[in-house]
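Student: Provided herewith is a single structure, encoded as structure tokens, for subsequent inquiry.
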Protein chains: 2
Amino acid sequence: MTDFKVRASSGTEYPIQPLPQLEQVQLQGMLDWLSAYGADPQGGVTRLLYDQAWCEAQYALAAKMQEKGLTTEFDQSGNLYGTLHVKGSEAEEGMEEAPIVTGSHIDTVVHGGKYDGAYGVAAGVLALEYLQNHFGAPKRTLQVVSLCEEEGSRFPFAYWGSRSITGVSVLEDIQHLKDQEGITFAQAMRDAGFGPDSCYRTASHTYGAFLELHIEQGQVLERLGHSIGIVSDIVGQKRFSITVSGEANHAGTTPMLWRKDALAGAAEMITAVRSIALEAGEPLVATVGRVIAEPGFGNVVASRAVFSLDIRHIRQESIDRCWQDMLQAFSRIAAEQQLGLNWEEHLSVTPVPMNEQMTTDIRTICEVEQLSYIHMPSGAGHDSQIFQPACPTSMVFVPSQDGISHNPLEYTAEEDLMKGFRVLVQLLYKYGYGS
Amino acid sequence: MTDFKVRASSGTEYPIQPLPQLEQVQLQGMLDWLSAYGADPQGGVTRLLYDQAWCEAQYALAAKMQEKGLTTEFDQSGNLYGTLHVKGSEAEEGMEEAPIVTGSHIDTVVHGGKYDGAYGVAAGVLALEYLQNHFGAPKRTLQVVSLCEEEGSRFPFAYWGSRSITGVSVLEDIQHLKDQEGITFAQAMRDAGFGPDSCYRTASHTYGAFLELHIEQGQVLERLGHSIGIVSDIVGQKRFSITVSGEANHAGTTPMLWRKDALAGAAEMITAVRSIALEAGEPLVATVGRVIAEPGFGNVVASRAVFSLDIRHIRQESIDRCWQDMLQAFSRIAAEQQLGLNWEEHLSVTPVPMNEQMTTDIRTICEVEQLSYIHMPSGAGHDSQIFQPACPTSMVFVPSQDGISHNPLEYTAEEDLMKGFRVLVQLLYKYGYGS
């Protein structure tokens, strides 16, 4: 975090109240415009990394950034940057100064909504335009990034945008991955005009700070009636596949006491997952979303049952303790019912606390702007968890109607979008224009 | 049951001990011979109603019956009869006398074994041959039937053989049913040379009594170390599809207390099924063999879960009480977790007690033959449950190795097959030759 210094606000300058001509910002309009790229005939948006809709959207955004007065640049991964340089400096110098960056991703899930990721990108572009229009060139370089990929919807790999910028991942690690049509990651990247043979610079990039504005994708803000969620931590996750083994038997001829019913065992385990999670209390969540019983006939006792397990919390020790409690319950149930038990860990992500100073600054803005806010964890993963270890990072949530996301019905009201925008503008002003 | 009179045994004649030259009966050999029809390259047997393997097997059996000295006849359904007439009578007269019948079915499940059904048919043919060879013509017509269909493996309809004989079902009810290739029941029947336009008589047929020899398809005899299971009742069944409705939510952003997790509810219900069934005690069995969660992703709380439920018992009131207990538990769980609950009953079969007089006669045979036996329910459905309401009916089980059935590994040792055969011969002797 050595690159990051919070600029003290200079008296009445910050936060600016009221922000001038804020009503002229067309945030919803820009989201509607962007959602035409990859619009599905049946509603919703599909833009997968390096596909045609994605390419068109990213190039259209570059043109839009230029139109708004920003200097644009792509990197080899396909991340797009729009920069607002300090007064009189050249573009190259601006880049070297470890800019204050905002943004998010423009890829979507299949049949996704028009807010997830896109909100943070559109808000970033419009925030930089607004600041330039009203306050001129900043004292520190400001930048918006349209990250190439976060969802992992095309290739079995997520956060490519932020991972390639921070150097957490390099192309060599993933170039062999294939999409559903058998196209390799490297090939898809090349076909889209990016990659090491392209004319673009490497993705590696040093940020002074990163702020991501995002829809909540949950119901907490809506239910509790708050406008702004200041993300305290991005949860860690562990994901498992649990396999219970028994014996296939005739449902009519096998007495209950002689059965080794894999599904009966799995059901008791899934019930235990819920009760252990409830007992652990918030913010722990544990989910079994998938279960398969084999052979899967109504008149045959199941020989095998496989279920998924997803555990999340903001503290690693809580995730580990919860998993140990569950594993103990699973083992007891398996022993009682004479069943075999196996598990495989698919994913382990460490929790990431957001930057404290940025959290304090955002809270101050919310108080002065009289925006109703809460501090809350993010239960979903985001690019911010990749940036935080590399630079001071924070996230701001706005409400998602009915908590719906990854769905064409995803929606956030203009008013709520604009409240998040005000927070973004104030923070960028503080870090970019503060003395 | 007016047609059925038990003939009293005449002094030392019955049961005959020892049965002469029983060691010459090649029961296992006949099962091996029959299993060549429809033999799967990877092991096992597949003979589906009216398919080529089935036709070849049924015609080969007719030839075998003739070779063994029986008069053969098909009916319009494709059931095959081999008759041992009373001395001096003509075939037609024999038919009219309400014969004492034994037999089972020759259709199989896909990749089934060579004992299920086939054992009862082969034993019947060889028993009639044996009786004729050693005791001449009977005093009452004896018949073996090779029923065309019991498994419901090709069309979504089971027990066609016994249902058409007893008149419980007629072709008009089912002729429109289609197999997986879209061939109708009526067409398949016609293609095999049967049906109302064929040269054969209608299936409707009056029996004096029916005895079915069958493998147990369970582990009870093997585990308890008995040779013969005298079936007391064929269980009744109820089958349901239970649907639990909740709300799809993000596994990370939805706190536990706000979830409407359809799979968590279903898991608790499946656990309740097991505990209610265990509490009800034997012979009640209840099985959930199939479950599906939707949308079925590990990181999405399930919006819907559907599971099968199969309840069996020898008393209707016990089935009904168990279902009511389960439904009450399901409703309580659904209410507690704010979930929707729906169910659909797919099948309801009434329990069928076997004929008491025949049961007594079989027990006497086992005692005199010194065969270790138990009275036991049949947890699986059989043709006998269709015949019993129409004529006195009983079933005899022999052990299934490891309880395995509907599988190429299905196996019963020659010694066990022959113990069942002795019971069959003695009972047919009693009813066919008794004074």
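Cβ coordinates are placed from backbone N, Cα and C, and glycine is handled just like the others.
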Student: Of A:Arg190, A:Arg201, A:Arg223, A:Arg239, which one shares the allantoate site with A:Asn299, A:Arg312 in TrEMBL?
Tutor: A:Arg239
Student: Can you pick which of A:Glu97, A:Glu149, A:Glu151, A:Glu369 TrEMBL lists for the same Zn(2+) 2 site as A:Asp116, A:His406?
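Tutor: Candidate listed by TrEMBL for the same site: A:Glu151.
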Student: Where TrEMBL shows A:His105, A:Asp116 binding Zn(2+) 1, which of A:His205, A:His214, A:His226, A:His250 is named for the same site?
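Tutor: That Zn(2+) 1 site, as TrEMBL gives it, pairs A:His105, A:Asp116 with A:His214.
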Student: Given the binding-site residues A:Asp116, A:His214, A:Arg239, A:Arg312, state which is nearest to A:His406 (Zn(2+) 2 binding site) when distance is taken between Cα atoms.
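Tutor: Among A:Asp116, A:His214, A:Arg239, A:Arg312, A:Asp116.
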Student: To the nearest Å, how far is the Cα of A:Arg312 (allantoate binding site) from the Cα of A:Glu151 (Zn(2+) 2 binding site)?
Tutor: 18
Student: Among the binding-site residues A:Asp116, A:Glu151, which residue has its Cβ surrounded by the fewest other Cβ atoms within 10 Å?
Tutor: A:Glu151
Student: Just give me the nearest neighbour of A:His214 (Zn(2+) 1 binding site) among the binding-site residues A:Glu151, A:Arg239, A:Asn299, Cα to Cα.
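Tutor: Considering only the listed binding-site residues, the nearest one is A:Glu151.
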Student: Cβ within less than 8 Å of a chain B Cβ is the test here; which of the binding-site residues A:His105, A:Asp116, A:Glu151, A:His214 meet it?
Tutor: none
Student: When you put A:Glu151 (Zn(2+) 2 binding site) at the centre and draw a 10 Å sphere around its Cα, which of the binding-site residues A:His105, A:Arg239, A:Asn299 have their Cα inside it?
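Tutor: A:His105, listed in sequence order.
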Student: Other residues with Cβ within 8 Å of the Cβ centroid of A:His105, A:Asp116, A:His214 at the Zn(2+) 1 site?
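Tutor: In sequence order, the nearby non-listed residues are A:Ser104, A:Tyr115, A:Gly117, A:Ala118, A:Tyr119, A:Gly120, A:Glu150, A:Glu212, A:Ile215, A:His382.
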